[in-house]
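A.B. asks: Quick one: the structure is below, questions incoming.
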Amino acid sequence: MHKACKRFGQNFLVDHRIIDRIIATIAPKRDDNLLEIGPGQGAITLPLLDYVDQLNVIEIDRNLISILESLKHSNLIVHQGDVLKFDLNVVPIPIRVIGNLPYNISSHVLFYLLKNLNKIKDMTFMLQKEVVERIAANNGSKIYGRLSVMMQAFFDVQMIFIVPPESFNPAPRVESAVVHLKPLTQPKTKDIKILEKVVKLAFSQRRKTLKNCLKSILTQKQTNIDLSQRAEMLTIDNFITLTKDYEKQH
Ligand code: SAM
């Protein structure tokens with residue numbers, strides 16, 4: 001048995017009912033191009049291998065690689081390394097990304113994948129429940145922020161089910177949740193970078209008005225959005241409008 005490594009955010013799934021529900025959520029088809037992030041000891045990997053012709057996995061912990069390789073399935077391709085540096089071009093597109101993500105880097109992983117949106121068919125992740133709530137939050141809520149806007153501008157977000165700490169070994173201190181993210185058929189903007197710049201600035205000081213936060217890039221004269229509000233009041237479409245107004249000026 002591998003000793004869980006905190007540094008790599010290792011909380012291994014041990015509850016088979018949860019694993020079955022994750023597989024049912026993914027609903028894998030034989031010719032899907034699946035990529036699993038952080039396969040660990042193979043809790044989700046092994047059952048998935050029965051459903052698909054090819055499964056790519058990327059795992060950082062060298063001590064787990066031999067365990068994964070000993071699964072000895074001809075349809076399993078094991079990559080060792082950091083997912084944040086992983087070249088997605090080695091996986092055929094469109095990619096269905098899945099994983100019980102290491103919680104310490106889950107936002108980084110989401111932003112990394114967002115930058116590769118054109119290669120992605122969908123994503124099914126286990127995350128800290130609080131992170132899923134932030135991704136899915138509506139404007140006006142305290143937890144609505146950069147993660148909510150950036151994810152909802154490009155994905156249809158669905159929280160699927162909640163998972164208690166006891167489903168893992170070691171048990172994390174928080175609840176988890178499975179989320180499904182499907183790229184919108186009509187993306188609201190193609191300009192991820194500019195939207196990110198506007199959103200980052202807008203939420204840089206949550207208690208200040210947009211007029212204050214955005215003053216280096218946009219003034220009230222240049223937009224119909226009321227800049228006396230705080231960023232948390234704006235809908236996703238409002239942010240897209242701000243991005244377009246910004247682009248007109250530059
Ligand atoms: N999928 C397994 C399960 O459900 O039991 C393990 C999940 S565990 C929460 C997260 C896994 O991600 C660990 O195996 C860990 O070693 C791996 N990991 C952590 N950081 C990583 C990174 N930067 N790139 C790839 N894998 C990483």
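Cβ from N, Cα, C; glycine included.
Automatic, uncurated: that is what TrEMBL annotation is.
Okay, so TrEMBL annotates it like this:
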| type | residues | note |
| --- | --- | --- |
| BINDING | ASN11, LEU13, GLY38, GLU59, ASP82, ASN100 | S-adenosyl-L-methionine binding site |
| DOMAIN | 18-185 | domain 'Ribosomal RNA adenine methylase transferase N-terminal' |
A.B. asks: Out of these binding-site residues, ASN11, ASN100, which one has the fewest other C-beta atoms within 10 Å of its own C-beta?
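C.D. replies: Per-residue Cβ counts within 10 Å for the binding-site residues ASN11, ASN100 bottom out at ASN11.
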A.B. asks: For the S-adenosyl-L-methionine binding residues given in the record (ASN11, LEU13, GLY38, GLU59, ASP82, ASN100), what is the largest pairwise C-alpha separation in angstrom?
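C.D. replies: Between the outermost Cα atoms of ASN11, LEU13, GLY38, GLU59, ASP82, ASN100, the distance is 21 Å.
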A.B. asks: Counting across all protein chains present, how many other Cβ atoms fall within 10 Å of the Cβ of LEU13 (S-adenosyl-L-methionine binding site)?
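C.D. replies: The Cβ of LEU13 (S-adenosyl-L-methionine binding site) has 19 Cβ neighbours within 10 Å.
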A.B. asks: In the structure shown, which of the binding-site residues GLU59, ASP82 has the fewest other Cβ atoms within 10 Å?
C.D. replies: ASP82
